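If you check TrEMBL, you get these features:
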BINDING   A:ASP76, A:ASP78, A:ASP80  Mg(2+) binding site
BINDING   A:CYS77, A:CYS93, A:CYS100  Zn(2+) binding site
DOMAIN    A:29-102  domain 'Phosphoribosyl-AMP cyclohydrolase'
Protein chains: 2
Amino acid sequence: MKINFKHEKNGENLVIAIAQDYKSLEVLMVAFMNEEALSKTIQTKKAHYFSTSRNKLWLKGESSNNFQHVKEILIDCDMDAILLKVNPDGASCHEGYNSCFFRELDGDKIAKKSYNLDKLDEEDLKIIQARLFNPEDVYK
Amino acid sequence: MKINFKHEKNGENLVIAIAQDYKSLEVLMVAFMNEEALSKTIQTKKAHYFSTSRNKLWLKGESSNNFQHVKEILIDCDMDAILLKVNPDGASCHEGYNSCFFRELDGDKIAKKSYNLDKLDEEDLKIIQARLFNPEDVYK
């Protein structure tokens, strides 16, 4: 029985990792973990991911101090995705929102228009959360 | 402004797609969508994914009749992940559980033992949901 790090990026073997607020049940973000990130998460009870853009281990909160304290670790049927139930110190999104999923796609409007997902207008997306911090104040 | 189908598998460009029960807020599953799957989801309001194992469009429920009726479509900061808030007709997991995340990893036990994520015992994983159907009865 083993965890299936089957998603590959830049030669790194990864699982998908979703973070969900363990109290509000809000989905906060989704990222990837390599084996090191999952091990560190288990050991420290702070969420670690593998940043596929910076190509390195990423302790969530290392820049923003918005750590995610891990309460439960769930694993899916195929053993290739992890769900972390976390207690977040603050906003989880680097854009300053509580969740990275702070915009809603207006499906009815898009369906009527063109189905062209390459050319979405600002008005097709609605911001549904309040901004909790200004990224420029946090990431210097 | 465009959706970033940046995850690549078998030459297919994909976004991550998470399904969450819009009432209970339980995370049900995670999969991928190509542009066609997202377009069909928007048009039909039934969740469509791209099956990376079968390499084709996948209407969730096409075999099991457990469709996911889409209530909201959220998109993340990087525009490369989708969160569907859905009203599911039945269990979302092909193993017969409501959610694919039906097992909890016992982090404390694993941390004490070895950190070896390649060799998990049955006892390191705890099933935390009731089975709603027997897969053999549904997928024939």
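Cβ atoms are placed via backbone N, Cα and C, with glycine included.
Bear in mind that the values here come from a model prediction, so they are computed numbers and not experimental data.
Residues belonging to the domain 'Phosphoribosyl-AMP cyclohydrolase' (A:29-102) score a mean pLDDT of 95 in the model. Sequence-distant contacts of A:ASP78 (Mg(2+) binding site), defined as residues of its own chain at least six apart whose C-beta falls under 8 angstroms from its C-beta, comprise A:ASN4. When the binding-site residues A:ASP76, A:ASP80 are compared by the number of other C-beta atoms lying within 10 angstroms of their own C-beta, A:ASP80 comes out lowest. Listed binding-site residues: A:CYS77, A:CYS100. The one with the lowest count of other Cβ atoms within 10 Å of its Cβ is A:CYS77.
Put simply, A:ASP80 (Mg(2+) binding site) is 23 Å from A:CYS93 (Zn(2+) binding site) when counted between their Cα atoms.
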